[in-house]
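Here's the structure, in structure tokens; my notes come after.
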Amino acid sequence: MVSLQFITHQTDRYTYFESALMALEGGCKWIQLRMKEAPCEEVEAVALQLKPLCKEKEAILLLDDHVELAKKLEVDGVHLGKKDMPIDQARQLLGEAFIIGGTANTFEDVVQHYRAGADYLGIGPFRFTTTKKNLSPVLGLEGYTAILSQMKEANIELPVVAIGGITREDIPAILETGVNGIALSGTILRAEDPAAETRKILNMKRIIK
């Protein structure tokens, strides 16, 4: 089954914790706690709330950026953006047991992360998104197709998660490019019932698969 990663986001309606809770209630098994503007103490407080819930739901919990905190709290791993700690440095700190994901926008990024020891790639953005500042150039379907083709030619085997401005309607076409997973945030949180929206997406993906 193609995996769904939920990336936390604070809105007028929901806190970071509440956003993750609704995704978990909807059946999501992969949470990235992303609190880019928050101090480390706040991230730690939310992570401590989420960790037992993720364990109960058998869901993976990653922290965005906070490598030392991930090690301290013994969560499942981290996701590292282009301006975060380099992946090879994070691997030295965390060892092999932690999951390390990296953000990529080009095939050159993919090669760099692969050589550095990433476990998966978050490739995007698919289109413009309001949940992230300082966006790289949008990829669209053609971008994913091109990068995945280059990966195949180079014998680079890493799971690829599509990210950035993806709606429920986009998912079938994106999966056709050969990506392994989809990362969502705003699409779920803008829904009237985020938990129900998560369930719909997971059910739809099972039908596609």
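Note that Cβ sites are derived from N, Cα and C of the backbone, with glycine treated the same way.
What Swiss-Prot says about this one:
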type	residues	note
BINDING	Gln32, Leu33, Arg34, Met35, Lys36, Asp64, Thr103, Lys132	4-amino-2-methyl-5-(diphosphooxymethyl)pyrimidine binding site
BINDING	Asp65, Asp84	Mg(2+) binding site
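Location within the structure of each feature annotated in Swiss-Prot.
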residue : record                                                         : contacts (Cβ under 8 Å, 6+ apart)
Gln32   : 4-amino-2-methyl-5-(diphosphooxymethyl)pyrimidine binding site : Gln5, Phe6, Ile7, Thr8, Leu62, Leu63, Asp64, His79, Gly101, Ala183
Leu33   : 4-amino-2-methyl-5-(diphosphooxymethyl)pyrimidine binding site : Thr8, Tyr16, Ala20, Val43, Val46, Ala47, Leu50, Leu61, Leu62, Leu63, Asp64
Arg34   : 4-amino-2-methyl-5-(diphosphooxymethyl)pyrimidine binding site : Ile7, Thr8, His9, Asp64, His79, Ser185
Met35   : 4-amino-2-methyl-5-(diphosphooxymethyl)pyrimidine binding site : Thr8, Gln10, Tyr16, Glu42, Val43, Val46, Asp64
Asp65   : Mg(2+) binding site                                            : Lys36, Val78, His79, Leu80, Gly81, Asp84, Met85
Thr103  : 4-amino-2-methyl-5-(diphosphooxymethyl)pyrimidine binding site : His79, Leu80, Gly81, Lys82, Asp109, Leu121, Gly122, Ile123, Gly124, Ile163
> Within 10 angstroms of the C-beta of Lys36 (4-amino-2-methyl-5-(diphosphooxymethyl)pyrimidine binding site), what count of other C-beta atoms is obtained when all protein chains are considered?
Replying inline: 12
> Given the binding-site residues Asp64, Asp84, which one is most crowded in terms of C-beta atoms within 10 angstroms?
Replying inline: Asp64
> Using DSSP, would you call Gln32 (4-amino-2-methyl-5-(diphosphooxymethyl)pyrimidine binding site) helix, strand or coil?
Replying inline: strand
>> Taking DSSP as the reference, which of helix, strand or coil describes Thr103 (4-amino-2-methyl-5-(diphosphooxymethyl)pyrimidine binding site)?
In response: strand
